[in-house]
Amino acid sequence: MTELDICAICLFLSIVALLSASHPHRKTSVLKMDEASLSVTNEIENDMMLYVVSDHCYKCLPQLLGIIPARPASGTPTTVGFVVGTQHALTLQLNSTSANLEQCNVNFHFGEQGNYSLWVKNLNEPSLVSCSMITDSEPINSYLPILFAFLVFALLAALSAVWNTVKRLDVVTNLLLCLGSTVETERLINSELGTPNRLVDASMESIIPATTGRRLRSLDTFRGLALVIMVFVNYGGGHYWFFRHESWNGLTVADLVFPWFVFIMGTSIGLSLSGSLRSGVKRTHLLWKIFWRSLQLFLIGVIIVNPNYCQGPLSWDSLRIPGVLQRLGFTYLIVAILDLVVARDRLTNLSSETCWYSVHDVCLYWPTWLFVIAFETIWLCLTFLLPVPDCPTGYLGPGGIGDFGQYQNCTGGAAGYIDRWLLGNNHIYQMPSSRVVYQSVMPFDPEGVLGSINSVLMAFLGLQAGKILLHYRDQHRQIITRFLIWGFILGIISAVLTKCSRNDGFIPVNKNLWSLSYVTTLSCLAFVALVVFYYLVDVKKWWSGTPFFYPGMNSILVYVGHEVFEEYFPFRWKMANNQSHAEHLAQNLVATSIWVIIAYLLYRKKIFWKI
């Protein structure tokens, strides 16, 4: 990243700031984001009840939206106005008030800020009712800001690539030498956009794989990408539903990043401990560092998820205990100790003619595999066999209005029950994502106790990626092939567990539960993504990893910083219209870009916060 890149980023910040002011939006005192206006006109002489259910709500009971009075015998039709959601398609159902029987239903996907009319009238026979939807005014295109932002980023990437090529031409090099000082020009020519050099820093020695002699830049790039997306979605993601966590089963962009972060942590554990052991560090010393680092992560996490610390002492009565960093601390503790127990001071060099050479990166560590399989068996037994009061055994649903309202207080099944039993209702997350669609009323923590078992599995699969990098170092074809094989195997497992469906599988993909299929699916994607980053960054060196490399080098600082300073300028400011996706997107992109710049500046100063 050079001065040109800093100017380009500043240009981008200015453009996205103008985006919120220039993007047209329909001003209204009633409608908010993701809302539309619906007028229901009743032309029949019976009162009608309007029910609504989202297509995204699996096995949900229709919810009463309102009553439309009957048309007077000799009067005009009755019209009643409603506000409906636009995130997902809705099924509108009209029932007669007398017998509460369905008269007609309409499935329709409303557009944001649009105005619609639903006409209810009799057909030739009085007992037959017709419903027809009419668009009175067209909705706005709320996705144009995303397209605009994408084009801006693409332009910046193209400019950076062009500059990276042009600045190495002899003519440009000589021109820069003439215009500037020799030292500054040399720094400009050999900036981080070019071939990356190894950063020699005492604080980094413990995480540089001694087997390769250099730090794998692709790992930091992958970690940085996951972190940048995490910061963006935590800041709001423009208030688009696909940048928020899924209400229950399924995946959104927001559901990808935390597991990837856990996966890369597992990969780094394998490289770090191997390098430390080869350099002669005692296992007892490493064990102490593992315990201390895990404790630090847990304590910092408790402080971050309880922001009232700024207003005085923390209150135990409502202190949330689980959280992201707490989950990372526990996962790191288990996986690092596992690897420390079986890791070798020197890597075993097997002949390629050995019959089990192709799987020796797995077989050499068979005790850890037995432990992880046993650990996962515990998750399966607790999830599907633990009796939960007033709930069906093995329940994986969201409660609330899901499953036709039969299990309103069973959110998360065994996972929710264990958290409430061990930690108490007041010490877990009070506003789970299932409230949005399923209207669940029970507190549920997506970073709860039972899901931590599967986060260990996620990190362990990342550890396996690290073992592949260690045992097949500099054998790029072998590394890429094994990554793809692991991705294929995990993808097949996911397909079997989910039956390739969102809700009908044996174990659906579910971020709230950290279900087994969620881990296998995200691990599959992580192996494939790591192939891409490894090939582009470390093998071909076509890309230096900029700009994601920089936050990946300072991940803890960026994560903690973005949480602590979330509500402060310049990461947040008062918007002219807080019901505009464009303004929210501009604000969130600016805030995320600032953290990338901060990470770059810290990298230039060789400032790294390592726990």
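The backbone N, Cα and C atoms fix where each Cβ goes, glycine too.
These features come from TrEMBL:
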SIGNAL    1-21  signal peptide
TRANSMEM  143-163  transmembrane segment
DOMAIN    215-337  domain 'Heparan-alpha-glucosaminide N-acetyltransferase catalytic'
TRANSMEM  224-242  transmembrane segment
TRANSMEM  257-274  transmembrane segment
TRANSMEM  286-304  transmembrane segment
TRANSMEM  324-343  transmembrane segment
TRANSMEM  364-386  transmembrane segment
TRANSMEM  449-470  transmembrane segment
TRANSMEM  479-497  transmembrane segment
TRANSMEM  517-536  transmembrane segment
TRANSMEM  548-565  transmembrane segment
TRANSMEM  585-603  transmembrane segment
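Residues of the same chain lying 6 or more positions beyond the ends of the transmembrane segment (479-497) and with a Cβ under 8 Å from any Cβ of it are 361, 461, 464-465, 468-469, 472, 505-507, 509, 516-517, 520-521, 523-525, 527-528, 530-531, 534-535, 539.
Away from its own ends, the transmembrane segment (324-343) comes close to residues 258, 261-262, 265-266, 269-270, 273-274, 277, 283, 286-287, 290-291, 293-298, 300-302, 304-305, 364-365, 367-368, 371-372, 447, 451-452, 455-456, 458-460, 463, 559-560 of its chain (Cβ-Cβ under 8 Å, at least six residues beyond either end). Nonlocal intrachain contacts for the transmembrane segment (286-304), taken as residues 6+ away from its ends with a CB within less than 8 angstroms of a stretch CB, comprise 273, 276-277, 314, 319-321, 323-330, 332-333, 336-337, 340, 560, 563-564, 611. Summed and averaged per residue, pLDDT over the domain 'Heparan-alpha-glucosaminide N-acetyltransferase catalytic' (215-337) gives 91. Contacts between the transmembrane segment (585-603) and the transmembrane segment (224-242): present, as 3 or more C-beta pairs lie under 8 angstroms, all at sequence separation of six or more. Contact between the transmembrane segment (224-242) and the transmembrane segment (517-536) does not hold: fewer than three of their C-beta pairs are under 8 Å, each pair 6 or more apart in sequence.
DSSP labels the residues of the domain 'Heparan-alpha-glucosaminide N-acetyltransferase catalytic' (215-337) in these numbers: 93 helix, 1 strand, 29 coil. Within the chain carrying the transmembrane segment (548-565), a Cβ under 8 angstroms from the stretch's Cβ atoms is held by residues 1, 192, 196, 217, 219-225, 227-228, 230-231, 234-235, 261, 300, 304, 324-325, 571, 591, 595-596, 598-600, 602-603, 607-611, all 6 or more beyond its ends.
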